[in-house]
């Protein structure tokens, strides 16, 4: 079957599953306009404003992975200064990962209903206060509690960032923007140990937390001053004025625009004119993420993403101990060995996004569907699952092959260039796979982008913690090469779930749309 025939077959599967439709449906949320207003622009923000918003969102997504790994070089000095065992210090890593998994389930739903600005400001205020406390504390209990708060404040930023991207990017340009905002997420884990090693070696472990304080301030001040609200549940396409001061930038308030605040009734009428049925801002519901994971296509995508994430963290976790043992490196030199994977991840974010948009346009053209980057497009008869997954599968399998080679190169104590080159290739391929899967998740849930990203984060962190815990026992039992081989085979073993999503995903998506339509 040719690619064009496969695309048409996927469309047919989705249409055959279709029943009667209502006057409003989930695709109107994706469109962001009422029926009969198909020519409406998806986002009212100017191109320069969109880029500024996305740059700030990308910057914010750096803090969660950076805070995880910049802390690693400080473990030994902290143990000595606080006079506690290494096991107790390692417990701060475990509790950090627990809160890293749970926090986005609260803030993701909050960001989708109440807005991105209150979510960002709240999380960064917590993060800023926690880092100041960490830099000043002198006791282990304070360290443990403040690390939990640090995680709670930083870990939700990735989910909120994906929500911002979905607010202003149409499906035909979403790949490029997802690649952009994931740059921080992919680079953070590898850059952290390098920066942490420099700070600990020359300025002491407290400087690590002061660095994070400065970074958070550099983000938070301009964000509060200049970055507008983008949540479609609050401002629609960006042209609707919300009735609350906290959804306005400080510059708007200072200029006196507060006088133009509409009443709640006027605000809801403006949203309704764009076809948006406002969701009430209730107490954050973490169970919303669990409900998303129970959807067949979402569950399969989250499972593959989680295992892939665990495999990636196996590679990162191998660097400190194995490179020090094999090549005799000090802490700073070990930190530099993280850079190839970071470079690969950054390179993938700038390339795979454009390829995803190109693939979307190619399939749309083959089906005779128009492509407009300024206006939303219905996915009702478009095989979005095939458009995203078919492009990422070669990267997934190539990445696993490179990682197997990486493991066996370390097993054989090969020249340093070999593992580092394979680390770059693996980082590029896994980064490309992450970008494609993250884009598809937002495509399937455009009205709950932060919540579905939080669900992905929850499962990824749990699997990542298990992968990290299994690393040393596996090496002791079967060796480095077989350890990587086992995890790569596991990743390849769950990949048929992606083929299942390509085949039956459109039908599942249509049935979900009908359920949501009937509930309105």
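Every residue gets a Cβ built from N, Cα and C, even glycine.
Bear in mind that TrEMBL entries carry predicted annotations, made automatically and left uncurated.
Looking at 25-50, 51-76, the range tied to transmembrane segment in TrEMBL is 51-76. Counting same-chain residues at least six beyond the ends of the transmembrane segment (177-203), those with a Cβ under 8 angstroms from any Cβ of the stretch are 54, 57-74, 77, 158, 161-162, 164-165, 168-169, 211, 313, 316, 319-320, 331-332, 334-336, 338-339, 341-342, 345-346, 348-354, 356, 427, 431, 434-435, 438-439, 442. With a cut-off of 8 Å on Cβ pairs spaced 6 or more residues apart, the transmembrane segment (478-502) and the transmembrane segment (119-136) reach fewer than 3 such pairs and are scored as not touching. Simply put, out of 51-76, 142-165, 332-356, 421-442, 51-76 has the most Cβ pairs sitting under 8 Å from the transmembrane segment (209-227). Touching of the transmembrane segment (421-442) and the transmembrane segment (298-320) is concluded from the presence of at least three CB pairs under 8 A, sequence neighbours closer than 6 excluded.
With a cut-off of 8 Å between Cβ atoms, the residues of this chain six or more beyond the transmembrane segment (119-136) that come close are 60, 63, 107, 110-111, 142-143, 146-147, 149-150, 152-154, 156-157, 160, 206, 209-210, 212-213, 216-217, 219-220, 223-224, 246, 450. Summarising model confidence by region, the domain 'Major facilitator superfamily (MFS) profile' (53-520) averages a pLDDT of 86.
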